[in-house]
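J.: What follows is a single structure, and I will ask about it in a moment.
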Amino acid sequence: MVKKRQADSRDHDCSTDSGNEDLHHRKGLGSPGQSDGATPTTASCQHIKKAVDAARLRRLLKSTGLLYECSQCQKLGKTAGSAAGAGASEGAVGPGGNPVTFEFDNTLWLCLKCGSQLCGRARHKHALEHYQTPHSDSHALAMNTRSFDIWCYECDMKICSNLRKNLLECVELVKKLAQKPPTSTVTPSTPTISYIEEKLKAALEHLTPIVPMTGGSFDDSSSRGSLAAAGGGGGVGSSRNRQVAIPMPPPEPSSGLSTSDSLTSVPGMAKRIDQYSATTNGNTGNKRLLTLETPRIENERLPRVRGLTNLGNTCFFNAVMQCLAQTPFLLSVLKELSEPGEEFILPGGTFTIKDKGDIELPMIKGTLSSWGGLTAALANALEELQAGGSVFTPRKLFDRLCVKCPQFTGGDQHDAHELLRQLLESVRNEDLKRYQRVILQNLGYKDQDVNSVSEEMRQKCKIYGNQAGDRILRPEQVFRGFLVSTLTCQDCHNVSSRHEYFLDMSLPVAVEKPQPPQRRKPSPELSLTSSSSSVTPSTGQPTINTKFTDGSVNFTASSPSFFLHAHEAASLGPSKSQVKKEKERQRKAKRAAKKRQKSSLNLNGNDSGNGNELAESVDQDDASLASLGAGDGQANDGLEQTNGQTEDSTTSSVTTSEHSDADVEDNLVEDTAAPSTNNVPSSTASLTAPSKTYMDSNGNAQPPGEKRDDTPEHMDKDSLEEDENDSGIATSPAPTATNSSTSTSATGNNNSVAGSGLSGSSGALEDPLAPASLVTAGLSEKGASVIRQVSVGAEQGASNGTEDADGEAKAIEQPEKTPSQAQAMAQAQARTKRVRTQSYSDWSTTIAPRYQCEDGECSVQSCLNNFTAVELMTGQNKVGCDSCTQRINGSDPKAKSVNTNATKQLLVSSPPAVLILHLKRFQLGPRCIFRKLTRPVSYPNLLDIAAFCGSKVKNLPNIDRKQKKLLYALYGVVEHSGGMYGGHYTAYVKVRPKVAPGDKRWKFLPHGSKAELDQDDDQLKKLEELLAKEKAREQHLKVLDDSDDFSNSSSNSSTSDESQTPATPLEEQQTQQAQQPQQPQQLEEAANVRAPPGKWYYVSDSRVQEVSEDTALKAQAYLLFYERIY
């Protein structure tokens, strides 16, 4: 027997139609919208045998079919409009506390005995009255003609259709009839004159906000009053010859009342009077009233959201369709596929085929056919939803989707994100098949047998198919974006990038990015007993295992213990020698901490007098750092007792987290600071590197992984100091030429330090006054250059001379300069030495500063920040490095790939026109139990993703080169309420005006293929030159030969060891003239961007209610739909 799962008492928000019979007598067991998983059902019902007549039902339904309206309601003259008014007058309250004004669907209940189809309790309870009417037989069972639920009035419970065979036959019969269009029982009567007059009056009242009327009111009484006033009480003849008098405008509102108060009166008449007064009053009042009235009229012209019929637990489908119906560009793009005859070209090229060598594939030109069945059904459904009206039944689209994705059949609950992905992928595959037909026809594959095709032909088909798949197909233009994955090897520092497209981004719901498990660092008092102590069962005496888990310090050769922490009840105390050594270690740790703090504050290096003393102190500090970084405080003893280990305490015990200059675009190469820093050993840079926080300009403690200003983010911005010391993995990139020359120019007393810094990549050390060190201390590159100038002047003024590594004395010019003058000189020198280079590392920088997360923040921005953070790939996640493989194994093609530690980072390389964010709320918890994360995640109305986009995004044609923001506006939210095994999907959508054909937002749609992002450096340079020429032509400026970027060099910069091309003063002057008027204009344009106006609606299947924007921003979001507006 299979053990039944106990229903969760919290999971009640399942999806059924809004007209269910279980609205009555729920006895506290759930809400009216429960489904099979949570609605109380009975295992057996004794009324099934007497209350079901399948044969009679089949005969009746064959002639009448399923009805659309209740026959009793039609006889009594109760229409759907009166029902909706009655429902609204009952005082139902929806989200946000607003009264519910939704549309009732026409769900009917079919009596399984006589076949009558009547309305349920949600409307006029005719089905219940039919049961309560005395009959000679039982009429206790009724079936919902939309959701196919069966209800027993006698048991007051929901009945499972699988209990009896006759019940199952009835359900199958009704399901077949439900695919046909419903019929009406009563033919509409001939329209009367009064009915026509009421329709005309309603239409004219609806048009009054658009066309101001000058003939008075449509009310008969008001018309007669106007005639009497005009005729002075005259008779009929006078009323015929005289026109209707125009009513006097109302008095202007007092100064205490706002204009919005005067405009929010009775709909129709009040607006007509306001518009009339706007045309008769002064010019100032005209402009003000018309300006305020225009957006209100535009919003009122927007169609109301159309509800969707629940086809049986299809709330997941309905919620997604409501958001897709409000998606811009989608319907227009899909309609372009309806007409056949579109031409395309596949480039072909030279490719290597197995056992055939290199072959040349010709270019293919072809003509595409029209769209497929699923694409046509989707376009039809979207058009119906955008047109507005009553409840729409998307049966055709859902059936088409179920044919391609059978998992959605059966009426079970499914995931809304899964449905969205399957729907978009199915539409994409249909479009791709149009290309595949042309490819097969060109290769002569159409008339051949599949099994008889050669391997060469299969390879050709695959190559052409991949070229077609790399194209941005028509349905993907709306949602498709690109992510770039950048891998940096920690051994050879080789950087590689790979682009991959996405239709939506799945973000984990977490405050911080999950890091590898770290060992808890014990306090110094417990470090002596940090080895696991246990009591042997035989002797009862405690035994001590002094093997530590840091990987380098082994006190004894005993087996490693499972426990990493000491027991508090350890009875064995430390010896005197151990206490003495512990005190000595504490003193060394305090001295090292003081020296680190002192060296980080004294950036000008005035206290570096004697090289021998400094090297000695550095050795001691490194040893103390190693003792602290080992994790257990026992490093010194380990250094004395390790067998067969020789290590240099200066180089290999400490891993620096220096920042390289290779990951920026326009780097400032400063040569003036080098002479003044030669007498400062480069190993002192490691003292300032492992700081966990820094103080920004506002005095806030920030982690070193986040950016402070407009400078680009560094590759190792996570800076896992604890993991570095534990694993011995260096996170610093390879030293550049500047760092190497600084290390070799150190004094003779520190030759061993400089040599060790050059020998190993993990021990690469840099100058404390180098740009990366100053940036690590919390300064921007501009501020770092100013401090370098000031420190150089101060040091030179104190010593009156500095000796180079070669012993040459250099003359010193020491004019007094203010910080502003020093900054201006640094900028002038930077402009003359700016050079544009291209490298993979440009993808590791962002076009805007990194987002600063607050403590405990859980928002979409924090989720994106964690998604784009640098990951350390180590242990089981090591990455195969081609450079290391070639260096170690040579050019042997059969050599095994060498796996190394690496860092990985994901950034957006091409932003989509419509961004879909999926919050991963359903996760696998402890003990392999699925759970739902109900933690609130805040999301803004305007989202800026510039902090998560790579700097090469500026090369795209739909992004301005000086753009610092990429703004998206929210227009759709899919919310899930309930638990893991039972819930309900609803949607919040914003109805907005359609995008005009000439709107600039059309350029946000991508064109081309993925290969455009994977161009070689030469192709990229050519592309940049073309872009630079185009912009220079618009600005009437000359073209710079090196195709330099006109943006500020403090944002994204990079260094290069290649020859540098200095810019002429004339070019610099032209660049400044081009920058000055445009930079404020660009910022002002970004600040004035607003979300498109519109109305927010809450939609739950067929239930539609207008809500405020604040209500939509407080939902428990599962899917977020954003449209790009800037």
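A Cβ is built for glycine as well, from the same backbone N, Cα and C atoms used for every other residue.
Relevant sequence annotations retrieved from Swiss-Prot are reproduced here:
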REGION    1-44  region 'Disordered'
ZN_FING   43-181  zinc finger
BINDING   C45, H47, C152, C155  Zn(2+) 1 binding site
BINDING   C70, C73, C119, H126  Zn(2+) 2 binding site
REGION    215-264  region 'Disordered'
COMPBIAS  215-229  compositional bias 'Low complexity'
COMPBIAS  254-264  compositional bias 'Low complexity'
REGION    513-547  region 'Disordered'
COMPBIAS  524-539  compositional bias 'Low complexity'
REGION    570-762  region 'Disordered'
COMPBIAS  599-614  compositional bias 'Low complexity'
COMPBIAS  646-657  compositional bias 'Low complexity'
COMPBIAS  730-762  compositional bias 'Low complexity'
REGION    795-833  region 'Disordered'
COMPBIAS  821-830  compositional bias 'Low complexity'
ACT_SITE  H984  active site, proton acceptor
REGION    1037-1089  region 'Disordered'
COMPBIAS  1046-1086  compositional bias 'Low complexity'
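Structural setting of the listed features?
T.: Close to H47 (Zn(2+) 1 binding site) in the fold, though at least 6 residues off in sequence, lie S138, A140, L141, C152, E154, C155, each with a CB less than 8 Å from its CB. In the three-state DSSP assignment, the secondary structure recorded for H47 (Zn(2+) 1 binding site) is coil.
Summarising the environment of H984 (active site, proton acceptor), the number of other Cβ atoms within 10 Å of its Cβ, over all protein chains shown, is 25.
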J.: Looking only at the zinc finger (43-181), what is the mean pLDDT?
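T.: Value for the zinc finger (43-181), mean pLDDT as a whole number: 77.
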J.: For each of the binding-site residues (C45, C119, C152, C155), count the other CB atoms lying within 10 A of its CB, then report the residue with the highest count.
T.: C119
J.: Calculate the distance in Å between the alpha carbons (Cα) of C70 (Zn(2+) 2 binding site) and C45 (Zn(2+) 1 binding site), and round it to a whole number.
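T.: For C70 (Zn(2+) 2 binding site) versus C45 (Zn(2+) 1 binding site), the Cα atoms are 27 Å apart.
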J.: Helix, strand or coil for C73 (Zn(2+) 2 binding site)? Use DSSP.
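T.: Looking at the DSSP assignment, C73 (Zn(2+) 2 binding site) belongs to a helix.
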J.: To the nearest whole angstrom, state the Cα distance for the pair H984 (active site, proton acceptor) and C45 (Zn(2+) 1 binding site).
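T.: Counting only the Cα atoms, the answer is 28 Å.
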J.: Can you tell which of C70, C73 has the least company, meaning the fewest other C-beta atoms within 10 angstroms of its C-beta, among these binding-site residues?
T.: C73
J.: Does anything in the same chain, at least 6 positions from H126 (Zn(2+) 2 binding site), have a Cβ under 8 Å from its Cβ, and if so what?
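T.: Once residues fewer than 6 apart are set aside, H126 (Zn(2+) 2 binding site) is near C70, Q72, C73, L118, C119.
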